Amino acid sequence: MAMSSDRTSTSGISPRSATMVRVEKIPSLTTGINKQTSPVINSGAAPPRPKAVSPTISHGKRANRSGKESNGGRIRIAVRLRARNAEELLNDADFGDYVELMPELRRLRLRKNSWDYETYQFDSILSETASQKRVYEATAKDVVESVLDGYNGMIVAYGQTGSGKTYTLGNLGEQDASERGIMVRALEDILTDISTDKDTVTVSYLQLYMESIRDLLVPESENITIAEDAKTGDISWPRATSAEVKDQKSVIELLQTGETNRFSVNKKLKTDASRSHAILLVTVRKSIQTKAERQQATLNENGSSMQILKGQNAATVRSSKLFIVDLAGSDRADKFGNEGIMLEEAKFVNLSLTALGKCVNAVAENSTHIPFKDSNLSRLLRDSFEASLIITIGPSPQHRAETTKAILFGQKIMKLENGTKLKEEFDYKSLSKKLATDLDKLIAENEKQEKMMTEAQEEMQRKVDEAQLLMMDAEKRLKLALQGMATEMDRLNEEHKATISKLEEECSQLENELKKSRETHDTIKELAIAEKEIQIRSERLRNQKDVKECIERYQHEVTEMTRKFESERLQKEKLQVRLQEIEDGMKKRDKLKSENQEQLSRLAKQMEKESRLREEAEKELVNWKSQVSLLAKEETVKSETEVELLKQELEEHRKQKEMLEKEMKILKQKMLHLSYDHDETRKFLDREPERPWSGKESPMSMNRSSHMRETINGQRATIAKLFEQVGLQKILSLLESDDVDVRIHAVKVVANLAAEEGNQEKIVQAGGLSSLLRLLQNSEDEIFRSVAAGAVANLAMNETNQELIMTQGGIELLARTANEAEDAQTLRMVAGAIANLCGNDKLQWRLSEGGGIRALLGMARTQHGDVLAQIARGIANFAKCESRAAAQGQRNGKSLLIKDGALPWIISNATTDSSQVRRHIELALCHLAQHEVNAKDFVDAGGLWELIRISRECSREDIRSLARRTLTSSPTFQAELRRVQRSP
Ligand code: ADP
Ligand code: MG
């Protein structure tokens with residue numbers, strides 16, 4: 001896993017690479033975990049199976065396409081807690097008591113007993129509210145992306161039956177799309193990424209039951225075999241159906257078919273799905289461009305070499321596989337017999353899970369041999385490159401044993417040694433450092449935004465100024481143009497006037513001349529008449545002798561007249577030409593006049609256009625101005641809300657920081673207290689140096705340092721050995737010894753044995769409980785009482801023992817010790833024991849009558865944090881049992897807790913700073929409030945306001961909603977609320 005694509009490079013080895021598979025160790029591994037890097041060049045239609053590169057190496061980390069680094073040499077492991085179902089909600093399984101999730105720290109705490117727990121680290125912790133989308137993103141998205149990059153990948157769900165494996169992987173989300181599981185989401189992502197005309201996605205769906213593989217798409221075909229290519233080591237399953245999927249619809253149809261077939265096949269085999277593994281195999285074949293092809297493509301684009309390249313378009317196909325495995329229930333591996341499951345089946349489930357675990361460990365441990373051949377499941381999964389394991393756990397205390405098993409399985413794979421626990425200290429320092437850094441970042445971001453805002457405002461102002469300048473400029477230019485036009489008009493008018501007056505002058509001249517010529521015309525007419533008269537006279541004179549002279553005279557006169565006439569005619573002709581000219585001039589004047597008119601109308605039009613433009617410009621300016629003001633307004637509002645939001649966020653961070661500091665203070669106090677405990681134990685040890693089982697083993701495993709724990713583990717082994725050699729009876733008889741030293745060691749050994757669940761019944765059967773109670777009764781010594789009470793508390797974890805403790809008068813004894821003892825250690829043990837007894841439905845009356853509740857409350861006098869936590873736990877347990885009994889109709893009286901006077905203490909501690917105490921008290925309050933018989937006392941003591949506060953502020957959603965429901969359903973509470981509203 002986590003292999004670099006560069007097989008020879010060694011430069012990428014990070015300091016963490018000690019856990020990674022190294023190249024030198026691999027050669028003996030012929031079928032290693034393969035990364036398929038060499039694409040197959042194939043010009044035919046069917047792409048051949050790609051050749052897997054033989055055992056590959058992980059040098060450094062490989063970053064996938066999202067840029068995230070893969071987690072180097074091991075499986076990514078997530079734990080998902082199933083949401084509670086209706087029944088579990090009803091019983092309000094107080095899950096928090098035994099598993100605690102810390103998603104932000106990626107840690108999980110398993111409670112061993114009342115005061116001891118172990119913490120485990122994982123890659124992600126998904127709480128009951130985590131959505132399917134978040135689960136997909138946290139566990140599967142990276143694997144799917146690396147499959148799309150050409151590597152094989154697997155996603156496996158492990159957990160007990162009913163813990164949500166199939167929901168996580170296989171939910172089809174038909175009713176509610178947000179519930180789609182990993183299978184559907186993975187196929188959707190794959191289909192979105194590929195190109196549907198060039199690439200193919202095929203799916204096979206197999207079931208592995210008792211080492212035989214069946215095809216879930218064609219259920220008649222069983223005994224599918226796994227074939228292995230001797231050369232490449234590539235795995236295939238040639239007889240299984242592989243269906244091509246093209247779209248979301250075909251994916252859903254295919255998964256539905258598989259689901260239906262799985263059900264009917266198992267019905268026929270008289271088994272159920274939880275006893276077999278279901279494996280979805282997705283094969284993605286993607287055509288990719290090699291370097292040569294890219295060059296060809298570039299050439300093609302350039303238009304050259306078209307001829308040469310024709311027919312050479314080879315397809316390059318890269319193929320990768322994704323395995324999604326819904327494992328058989330982890331509980332099926334060992335619970336055979338009592339649930340009617342065949343021994344054979346359990347053996348095979350166990351075989352597959354063990355083989356799978358071994359392979360994973362071998363890969364993580366850098367082993368030269370990886371036992372892939374041990375089972376069909378591990379053979380199938382062996383060429384996975386990127387892998388993710390989702391451990392599903394159930395929320396009910398009934399799941400305790402299986403949950404612990406699953407968590408340890410996950411831890412083994414996380415490659416922490418089995419049983420290695422994290423040092424339990426909440427890393428407030430780094431958290432507060434982180435918060436401080438976040439705060440700084442936010443402040444810097446805020447500042448940056450403010451800066452950006454001022455810049456934007458300045459920029460806007462600049463633009464407004466610019467626009468105004470432009471407007472002014474435009475206005476000026478418009479004015480100038482108008483002025484120019486007016487002068488031009490004046491000039492044209494002047495010219496026009498001048499032309500007209502000139503023409504008029506010319507006209508009058510012509511008219512004069514015309515008049516003159518008309519006069520000349522009249523003279524010519526007179527001449528003609530005179531000529532005729534002359535002709536008549538000359539005719540008359542022809543016969544007259546003296547006429548001759550006259551004629552000559554007249555002839556002369558005529559010539560004279562003719563000459564005159566000729567000149568007159570010439571004059572007339574000239575005048576006619578002139579007239580013509582004048583007429584032409586008149587015409588020209590008319591033309592000029594019309595031209596002038598045209599020019600005038602053109603100018604008018606232009607003026608109109610200019611004024612329209614001006615109007616538009618004005619309008620635009622107004623528009624601009626309003627836009628600018630709008631924009632400015634918007635920007636201010638936006639930035640104001642942003643600043644407001646940032647401020648709120650800052651305030652919240654500050655509050656969180658304060659809260660953390662407060663908690664840190666409390667933790668520090670606790671640390672002080674613990675070190676006090678430690679010193680006490682140490683002193684005690686120093687008194688007893690010579691005995692092999694003595695001293696260092698604090699009876700209640702109070703010391704939490706890992707060094708001490710190791711010593712304790714070593715000594716537990718010694719004690720177990722001793723237990724075997726000496727025998728329980730003998731050890732118990734030492735409890736009655738006269739020798740104080742012997743007695744004290746004996747009681748410590750018994751207390752230690754009682755801490756192991758497996759011994760508790762044996763100790764009680766051998767009479768150990770009576771002896772311990774006797775010791776508690778008779779001993780004055782604080783150490784005796786403390787250790788004996790611790791042992792009784794351990795025994796009180798078991799339901800049968802709880803009843804025995806009661807019948808042997810244990811509660812009276814514990815109550816007496818509670819009232820007498822002063823030592824905080826002793827009180828803590830006694831409170832722990834009573835708290836355990838409070839969790840038993842059958843013991844309620846006897847606990848109250850025996851003074852258990854009052855004793856529990858009395859111990860609050862110490863004000864010691866751990867004692868208070870135990871008291872609160874006991875009260876919550878008691879309230880829970882009461883409320884369950886009332887819900888089932890087995891009880892109808894007022895709460896014994898109220899009768900025993902617990903309410904004032906509960907209410908006064910409901911807002912305590914200790915989150916542990918508060919959590920228990922809030923739960924107790926909710927339970928008490930559920931029953932009308934308690935309501936009046938509850939209201940009188942002020943519990944109603946606490947309930948309202950819980951319904952608003954409690955950190956647990958389920959308790960908040962329980963409180964809300966109780967508030968609305970109780971008539972007494974409703975009446976009280978109305979009364980308060982009415983009164984002024
Ligand atoms: P498994 O496959 O491990 O046996 P299932 O997936 O069948 O368990 O879950 C058991 C029941 O719990 C189913 O009814 C399922 O719908 C429900 N369930 C499981 N996980 C969730 C969850 N996260 N949210 C809501 N219901 C769930
Ligand atoms: Mg299932």
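Glycine is treated like the rest: Cβ placed from N, Cα and C.
When Cβ atoms from all protein chains are considered, those within 10 Å of S163 (ATP binding site) total 26, not counting its own. Annotated ATP binding site per TrEMBL: G159, Q160, T161, G162, S163, G164, K165, T166, in sequence order.
The coiled coil annotation in TrEMBL covers 432-670.
Per TrEMBL, compositional bias 'Polar residues' is recorded for 1-17 (among others).
What TrEMBL records for 28-41 (among others) is compositional bias 'Polar residues'.
For 74-416, the entry in TrEMBL reads domain 'Kinesin motor'.
Taken from TrEMBL, the feature region 'Disordered' applies to 1-71.
What TrEMBL records for 726-768 (among others) is repeat 'ARM'.
Per TrEMBL, the feature repeat 'ARM' maps to 767-810 (among others).
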*Specify all same-chain residues, apart from the site residues G159, Q160, T161, G162, S163, G164, K165, T166, whose Cβ lies within 8 angstroms of the center of the Cβ atoms of the ATP site, ordered by sequence.*
R82, A157, Y167, S274, G329, T392, G394
*Return the residue, from the listed binding-site residues G159, G162, G164, with the maximum count of other C-beta atoms within 10 angstroms of its C-beta.*
G159
*Cβ-Cβ under 8 Å from T166 (ATP binding site), same chain, 6 or more residues apart: which ones?*
A157, G181, A273, D326
*If you count Cβ atoms within 10 Å of the Cβ of T161 (ATP binding site), leaving out that atom itself, what do you get?*
19
*Take the repeat 'ARM' (726-768) and count its residues per DSSP category (helix H/G/I, strand E/B, coil), listing them in that order.*
35 helix, 0 strand, 8 coil
_Cβ-Cβ neighbours of Q160 (ATP binding site) (radius 10 Å)_ = 23
*What mean pLDDT does the predicted model reach across the coiled coil (432-670)?*
81
*Under a criterion of Cβ-Cβ distance under 8 Å and sequence separation of at least 6, what residues of the same chain contact K165 (ATP binding site)?*
A157, Y158, G159, D326, L327, G329, I390, T392
